[in-house]
Amino acid sequence: MDKSNPIEPKSFTSLRPGNTSSPTPLRMVRCFDLNAEPPVTPPSPMVSSLQIVTPFSAVIDLNAEPPTTPPSTRPPPVTPSTASDHVIPSTTSPLAQMVTPLQPIGSFDILDNESCPGDIASTHPIKKGRGRPKGSKNSKMPAKKPKTVEVSGNEKCAADAGLSTAPTKRGPGRPKGSKNSAKKPQSYDPNRKMVKSCLSFDSKITEAERETGNKELVESVLIRYDAVRRRLCQLQSAIVLQTAQANCKNLGVMTNRKRRIGPVPGIQVGDIFYNRSEISLIGLQIQMVGGIDYFSVEDGADTLGATSVVTSGNFEDKILDLHTLDYTGSGGLDSNGRQVADQKLEKGNLALTKSVENGNEVRVIRGLKVPSDEKTKIYMYDGLYSVSKWWEKTENGFKVFKFRLERKQGQPSGYAISKEVEKWNKFGLDSFLLEDLSSRKEVLPVSLVNEEDVNDEKRPERFVYITHMSCSSQILDPSTVKDPQSIGCHSCEGRLCSTKNPKCACIKKNGGYLPYHNGLLVCRKPMVYECGELCSCPLDCQNRVVQSGLKISVQVFKTKDCGWGLRSLEPIRAGTFICEFAGLVMAKEEVEEEDEEYMFDSSRDFNRFRWNYEPELVGEDCREQVSEVFNLPSPILISARRYGNVGRFMNHSCSPNVMWQPVECEENGESYVRIGFFAMKHIPPLTELRYDYGMSCVAEEVGEDGRRIFKGKKLCLCGSLNCRGSFG
């Protein structure tokens with residue numbers, strides 16, 4: 001220090017040791033030149049030890065006698081690793097510390113309770129900061145993990161990663177150690193399968209197709225979404241619908257994302273849906289919350305207008321007739337659906353008033369209850385409506401808005417189909433030929449009608465109605481007869497089969513999961529194993545579906561070009577069991593020419609398609625894909641000419657809405673393979689049910705994929721866009 005310019009002594013604030021305003025007791029210090037003669041200071045009862053410091057000087061106890069200072073018992077200071085580190089305090093003074101001007105210090109304080117400057121370890125004991133007392137329960141806090149951000153796929157990096165490896169200083173917030181200071185992490189739900197991104201996944205949908213789709217693409221998105229939903233249900237995951245929709249959306253499985261006035265490509269009037277997620281993913285109504293979808297500023301629309309409305313929900317909509325309804329605006333409802341506030345002329349309500357001014361068409365999706373199951377609600381696209389007028393009305397003391405919607409003429413039937421079904425459930429019309437074709441062998445009656453020609457009373461060729469397949473004189477291979485102890489789930493002991501019972505033999509044979517969820521087939525598999533007579537589970541076990549027989553209301557009717565056909569009188573959800581193909585199991589040499597008309601042959605070449613869920617869409621490894629290749633030890637041939645059920649009336653289509661699945665069942669200690677028909681997609685009521693018959697004739701031509709081209713024996717009249725021209 002330059003003695004010619006001595007520093008003027010200045011007094012610092014003195015604090016009593018018991019003062020709680022500072023975490024450590026401080027002593028009065030004074031700054032002056034250490035080379036000068038120290039003044040004589042009388043002892044003070046308030047200050048036990050007066051210290052004198054200068055900027056970057058050592059702290060010395062003035063009451064101590066320097067010549068008789070005892071040697072230090074502390075370990076020697078740590079040598080700095082680099083020359084750039086701070087200066088090490090002098091070892092000549094046991095209390096030497098580095099300080100800056102105007103910094104009060106205590107006898108054993110350090111500059112940072114979490115780390116020393118320059119990563120130099122302090123030679124003094126570290127005093128505990130504010131928090132739990134020393135030795136208290138759970139006084140040691142776990143190390144805080146660095147924040148992570150998702151980069152791509154499963155890659156993560158530290159959000160605050162840097163060159164320094166020193167502990168991060170606590171930011172502002174609750175004091176360390178205070179109650180609830182550590183933010184509790186959200187409990188991880190292993191069943192929640194939300195997927196944000198997957199670099200290896202290819203949705204097979206281009207950006208242009210996501211903006212504008214087509215019929216094939218819409219059907220594909222719906223099938224893929226519902227496959228994910230069924231898988232999440234099988235895993236007993238939480239918030240199934242939201243997770244399935246989010247995963248499909250995040251990974252690009254969606255179409256028609258561009259808001260538009262009028263029809264949506266690929267969606268037909270009368271199409272049905274089972275939740276709002278499906279409606280949103282295919283662009284029929286993109287808005288998920290609320291009943292009104294409309295153009296917003298983000299859509300770049302010049303004028304505001306509504307695009308679609310959903311008539312179901314908590315609002316009071318009045319149906320005047322099949323083509324007119326008074327739609328109630330949105331807003332003002334509580335969680336119980338009661339009107340508790342005035343509606344406002346904004347957002348969707350305002351958009352509908354603009355549609356009155358502009359005269360633009362609005363799509364209407366009607367919510368309907370399923371007569372056979374009042375707990376189930378479906379949504380049916382009813383076509384285009386015009387908003388003719390609107391008005392205000394007071395209901396229960398609150399202001400609401402009403403909009404008159406009138407259906408445009410010349411459209412196919414939508415909502416009217418539900419009313420038409422009601423007449424077919426009442427026997428007595430002229431077109432009825434038979435009230436119950438099954439003669440009460442089925443739980444539900446199977447009516448026979450001919451509305452093409454009411455004067456034609458000719459019935460189908462006579463046959464014996466049976467509910468399950470029957471074997472011929474050449475029964476199944478003797479090798480199929482198994483030891484009764486190796487068949488069935490004996491560990492269930494009267495309880496329903498469940499994944500909670502790891503010893504259930506039927507669960508094990510099905511890969512560790514029940515193949516059905518609420519009666520719906522979850523996946524196509526090489527073979528589905530159902531419980532049988534030797535199983536100890538009850539008859540209402542979830543794993544007894546195909547053997548339980550017909551559970552939906554169907555009708556045999558006369559088609560225009562394909563003879564007799566089969567249709568449903570109620571909506572059918574994808575994965576629903578429809579019926580078994582019952583008939584006489586034959587060997588190939590037993591088949592006669594007359595049997596070809598009613599023959600099921602598993603050895604034919606069938607159109608390939610993918611129906612199962614994609615593992616990436618539920619956060620699983622892509623190598624865990626469930627095989628859809630059937631595992632049949634030998635071809636199965638079933639003739640329904642002389643013996644059969646409603647399955648014999650199902651016609652062929654190159655674009656079917658029904659698929660078949662082999663199911664192994666046990667009866668009398670023997671295993672039999674049955675052919676079950678399941679809905680491939682959602683099927684509206686009064687829609688004809690068709691499956692792919694396959695083709696058996698091999699042509700000499702080879703396709704682009706290297707497969708041999710098959711040709712059928714009969715001309716195909718299915719009329720689909722993907723018609724192959726022949727079948728059988």
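Using the three backbone atoms N, Cα and C, a Cβ is placed for every residue, glycine included.
All annotation found in TrEMBL is predicted automatically rather than curated by experts.
The region 'Disordered' annotation in TrEMBL covers 1-26 (among others).
The compositional bias 'Polar residues' feature in TrEMBL is assigned to 11-24.
Residues or ranges marked as region 'Disordered' by TrEMBL: 61-96 (among others).
As annotated by TrEMBL, compositional bias 'Pro residues' applies to 67-79.
For 119-193 (among others), the entry in TrEMBL reads region 'Disordered'.
Look at TrEMBL and you will find 125-146 tagged as compositional bias 'Basic residues'.
The feature domain 'YDG' is assigned by TrEMBL to 262-407.
Secondary structure of the domain 'Pre-SET' (493-549) per DSSP (helix as H, G, I; strand as E, B; remaining residues coil): 8 helix, 6 strand, 43 coil. Annotated domain 'Pre-SET' per TrEMBL: 493-549, in sequence order.
For the domain 'SET' (552-694), the number of residues in each DSSP class (helix H, G, I; strand E, B; coil) is 20 helix, 54 strand, 69 coil. Residues or ranges marked as domain 'SET' in TrEMBL: 552-694.
Annotation source TrEMBL lists domain 'Post-SET' at 712-728. When pLDDT is averaged over the domain 'Post-SET' (712-728), the result is 87.
Residues 215-216, 561-562, 596, 604, 607, 651-655, 690, 692-697 of the same chain lie 6 or more positions beyond the ends of the domain 'Post-SET' (712-728) yet place their CB under 8 Å from a CB of it.
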